[in-house]
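Taking it in order: structure first as structure tokens, then the write-up.
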Amino acid sequence: MIRLFKVKEKQRELAESANGKTPIKKQSAGELRLHKDISELNLPKSCSISFPSGKDDLMNFEVTIRPDEGYYLGGTFLFSFQVSPIYPHEAPKVKCKTKVYHPNIDLEGNVCLNILREDWKPVLNINTIIYGLFHLYTEPNSEDPLNHDAAAVLRDHPKLFESNVRRAMAGGYVGQTLFPRCI
């Protein structure tokens, strides 16, 4: 039975090349699932998705988040997504490309979000991750930090944390670290 499918596929490829068409690349299961996830996206109005390498490369894309409430109101934050061919059995790799003063995002852009690590399940999707990232900006979590300094300030001195966030978003220093303007 399997041989029959291989013969049919070979015949189709030969027919396409004889017609001058380039053979169609077969999509992996991960690409098919990702295509479904992207077509069903229901993003908040403050989030958008783009494909810097073009629509042919669905496995690498960017998401922009512009929080409309909370400490990060008015900021623009860019995230890169790299999706594995075995998605959804492995969570996408997500990095924040905007340097940000945040308890759950370190200065290298690594993101501390439970559904990207130990709580990932194949039933979760890209929409869930984007809402999780959006939630990090509306409700930063000082209990599970990557940036321990920012988490301590948020926990112990919320007004100072708010001031630090505003200074960082305006393109200033927080401690010894210079942040690029993102508002």
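Glycine too: its Cβ is placed from the backbone N, Cα and C atoms.
Note that the structure is predicted; figures quoted are calculated from it, not measured.
The domain 'UBC core' annotation in TrEMBL covers 29-174. Residues annotated as active site, glycyl thioester intermediate in TrEMBL: Cys112.
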* Of the residues in the domain 'UBC core' (29-174), how many are helix, strand and coil by DSSP? -> 48 helix, 26 strand, 72 coil
* **Residues satisfying Cβ distance under 8 Å from the residue listed as 'active site, glycyl thioester intermediate', sequence separation of at least 6** => Asn104, Ile105, Asp106, Asn141, Asp144, Pro145, Leu146
* Asked: Which value does the mean pLDDT take for the domain 'UBC core' (29-174) in this predicted structure?
  -> 96
